[in-house]
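I have placed the structure first, in the form of structure tokens, so that the comments after it can refer back to it.
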Amino acid sequence: PPTLSLSRCAVVNAVIDLVFFDAHLAQMIYALACTVWLSVLSFAWLPPQLAKCTFYMFLSCVLYVNIGSAQDYWFTADKECVPDGPGFDYTYYNTYTSIVGAFTGWVGIVLFQATMSGWSFRKLFWITTLLQVVASAFDMLIIARWNISVGISDKVFYMFGDAVIGPAVGMFAYMPMLVLTSKLVPPGLEATTYALLAGFQNFGGTVSSQVGIYLTQLAGIESTGRCNFDNLGPLVGVCHCLLPLLAIPLTFLLIPDKLMTDRILDSDDSDAPAPDAGPGPAKPAEPVV
């Protein structure tokens, strides 16, 4: 079953990370191999439309390649490492931005309930992806020092970037995912389906991190000794702006063209017994005359 295979992939991935700590290529290859295997299993074991949606949510996590550690080093590095960098202190970088991020996440929930709850699933995922790319573009502009050239301070400009706007965008993506899953879940398998969805998303984040670590190393980024962040801007452009855009055409293949208020499953599908739930209760015997 997908849940058992997902658990095995996660456990073996953790062992590989511990044993082969510096073998980033091996870690990435294993994570991608698990991606292929789990994708095949999801289509083999889940109802077709639920498998497509689960696969889309998994890919949307993977395509936003996590290179956060490299960005963290650049934003907080001292003048010896990054002479013209922002040099954020940790109080601002961790505390203040987290407070603003929590507020934008709340704003995202309010906006979703007030204006987006009747939109189509595809439209919401398109808007989410584009907002994510725009927020990441602000990070690219900071790295290129464009904001300084036009007289905007780093601390002000960073508030429009992915770390702060990201929580609101995350809410725009997370809430339609839950609504869509609730409309596709087989009767009797609600808990298993939600656990499987959460597992796929978490493992998608793991794959994203493994790929991001390898690409950071491949880009020659160094945060210790002779610091080198020359390729950080292009790396952010590829991992946070270009690759996530691939999720937009995938919606035409994997996401139903339905409004969030529409019924997706037919009545026959909703009344059908859940997979692996057995044949159901036996009919009572006819009385013997």
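The backbone N, Cα and C atoms fix where each Cβ goes, and this holds for glycine too.
Remember, TrEMBL labels are computer predictions, not curated facts.
According to TrEMBL, the compositional bias 'Pro residues' annotation covers 276-289. Annotation source TrEMBL lists region 'Disordered' at 266-289. Residues annotated as transmembrane segment in TrEMBL: 28-46, 53-70, 90-112, 124-144, 156-180, 192-215, 235-255.
Within the chain carrying the transmembrane segment (90-112), a Cβ under 8 angstroms from the stretch's Cβ atoms is held by residues 72, 75-76, 155, 158-159, 163-172, 175, all 6 or more beyond its ends. In this chain, the transmembrane segment (124-144) lies apart from the transmembrane segment (192-215): fewer than three C-beta pairs between them fall below 8 angstroms, excluding pairs fewer than 6 positions apart.
Within the chain carrying the transmembrane segment (192-215), a Cβ under 8 angstroms from the stretch's Cβ atoms is held by residues 2-3, 6-7, 9-10, 13, 24-25, 27-28, 31-32, 34-35, 38, 42, 46, 50, 54, 57-70, 177, 181, 185-186, 235, 238-239, all 6 or more beyond its ends.
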